[in-house]
Every structure is written in structure tokens, then in C-alpha cells.
């Protein structure tokens, strides 16, 4: 793609997110979301390949449907309360509709089916944008409407996302699909804590963005599209392999690493609210995710790929 056009598209992407994050009127928030969607479609379909075209179409349809639902719920709210203010969502049916629309937009289970497909159909850098930057605008809307969203629905969405994200990631061999399910599981943790303590949700989001960025950049550097590809990372750069191992273990949420902090705070807060079965279920679902992170770690750094000792390393 022409660098000028690519720059304009990336600027539009940034503008869309910023418009949504800074707006107080529902119409402006919707405009920001639409701008965001329209800017990323050409980025997904730059590869002139049936898979990327399919991914772009799937992405466009789901995002357009979710945006329309958001607009519809805000219209119902405006009709009943007479205000278009994002923070004044006081009509219950429109709140339920809004939480389902945001779940579809983020890719929370059970509305998650588009996310792995779209990530698999796009290149690693594009998948990286979808898994990180594209989550900011919907999360900011959740943050702004937090006091009114039905907490039961959010808790249920969070639990199903965390479980399905862990379960479905188990039998994947493609790194992009693994990252998609990892994203679904992490968003589940954010949805669970959102209605209880929004500060922890923001911290969770920041930690997720940081770790996902690190891992995607490692995958892009080593050009690893499948688990088999990661096995040869150490011949290119042993340092990268070690960083990748630490990032993966951190994403899994192992104690001394950063990724453990959000999980620990979420579980602590759930127990404080007396949601002990919920906390137990979330902790169990984290084990599922941990399994496939460990499998990636194992193939990256803990095993030597079959080779003769006389071979020359790239480094």
C-alpha cells in the first residue's frame, strides 16, 4: 500500500478512537466507532487474497451490526429520557441492548465467533492492531456507561468469555488464533470486574495491551505464524526467545510476572463482593489459558528443534 494512503488510514483509525473516547453525545461516539471500522477495512484487505477479503467482510458486517445496535439503544434511551448524554443511560432495555452490542463489538463470548476468523485472515501486524487498538473505543464506552450497565449480564459475559477463550485455544496451532482466544479470555476478565471496580478494569486493559504488544512484536520479528515456526526462533535470536517465554508466561498469569497482578486483584475484588463461585470459576478458566501459553513457551524455548550440532546459527 502507498505510504501516504497508509498514513492517512492510520490517522483516521486513531481519530475514530479518540472521537469516541472524548465524546459525551451518543451520535459522536457512534461516528467515532464507524470511522474506526471504515479505517481498518482497507488495512485488513491489503493482501489481495480470498482469506483477507473474507476477513474484511466478516469484520465489517459484525462491527456495522454492533454500531447499529449501539445507535439503536441510545435512540431508545433518548426517546424515553430525553437526553443523548452517554453517562445518562437510565432506561433498562437500552442498557441491556448496549451491553450486548459492546460484547459483539469487543468479541466477548458468545458473540466471539468473528474474532479468530478475522485475525487468521489478516497479516500479523493487522491482527496486532485488531487485538489491541480496536479494543480501546468500546472499552471507553463501557467505562463511561459503567454505572448503568446490568452487572449480571457483564458477569455472565465475562465468565463465558474467559472459559470459552481458554477452552477453544487448547486445540489451536496457529499463533494468530491462539492470540485471538487469548484476547477473548482477557476481555472476559475485564468484563467481570467492570461493574465492580472500573479502576481495576483500566489497569487490566493496560497490562493486557502491554503484554499483547510485546508478544505480537516478537511474533512479527520471528515471522511465526504457527507453533512449529516458534520452535526455530532461538536460532535467529536467543534473547527474543527468552523475552517471548517471559511474555507468554506473563499473559498466562504466573505469579512473579506482571500478568498475575490484574488476575489477583480481580479475584480479590470478587471475593470481597462475596462472589466466591464466580471467583473459583474464573481461576479455573485461567488454568485453561495457561495450558496453551505453556505449550507455546515449551515449543519456543524449552525444547531444541531437531538439528545437527554442526549447523551454523544465524547469529
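Glycine residues also receive a Cβ, built from the backbone N, Cα and C atoms like all the rest.
What TrEMBL records for this protein:
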- 25-288: domain 'NADH:quinone oxidoreductase/Mrp antiporter transmembrane' (DOMAIN)
- 290-315: domain 'NADH dehydrogenase subunit 2 C-terminal' (DOMAIN)
- 59-76: transmembrane segment (TRANSMEM)
- 96-115: transmembrane segment (TRANSMEM)
- 152-171: transmembrane segment (TRANSMEM)
- 178-196: transmembrane segment (TRANSMEM)
- 202-221: transmembrane segment (TRANSMEM)
- 233-255: transmembrane segment (TRANSMEM)
- 275-294: transmembrane segment (TRANSMEM)
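Residues 96, 99-100, 103, 108-110, 112, 116, 177-178, 181-195, 275, 278, 281-282, 285-289, 291-292 of the same chain sit 6 or more residues outside the transmembrane segment (152-171) yet have a Cβ under 8 Å from a Cβ within it. Long-range Cβ contacts of the transmembrane segment (96-115) within its own chain (Cβ-Cβ under 8 Å, at least 6 residues beyond either end) map to 33, 58-59, 62-63, 65-67, 69-70, 72-74, 76, 89, 130, 135, 138-139, 141-142, 145, 149-150, 153-154, 157-158, 160-161, 163-165, 180, 183-184, 187-188, 191. Residues 103, 106-109, 112, 115-116, 118-120, 127, 131, 135, 139, 142-143, 146, 149, 151, 154-155, 157-166, 168-169, 172, 204-205, 208, 212, 215-216, 219, 227, 251, 262-263, 265-266, 269-270, 273, 278, 282, 285-286, 288-289, 292-293, 296 of the same chain, all 6+ positions outside the transmembrane segment (178-196), place their C-beta atoms under 8 angstroms from a C-beta of that stretch. Beyond the ends of the transmembrane segment (233-255), by six or more residues, the same chain brings 182, 186, 211-212, 214-215, 218, 221-222, 224, 262-263, 286, 289-290, 293-294, 296-297, 300-302, 304-305, 313-315 to within a C-beta distance below 8 angstroms of the stretch. Note on the transmembrane segment (59-76): residues 26-27, 29-30, 33-34, 37, 40-41, 44, 84, 86, 89, 91, 93-95, 97-98, 100-102, 104-105, 111, 114, 118, 130, 141 of its chain, located 6 or more positions outside it, place their CB under 8 angstroms from a CB of the stretch. Within the chain carrying the transmembrane segment (275-294), a Cβ under 8 angstroms from the stretch's Cβ atoms is held by residues 155, 158-159, 162-163, 165-167, 169-170, 172, 178, 181-182, 185, 188-189, 192, 248-249, 251-254, 263, 266-267, all 6 or more beyond its ends.
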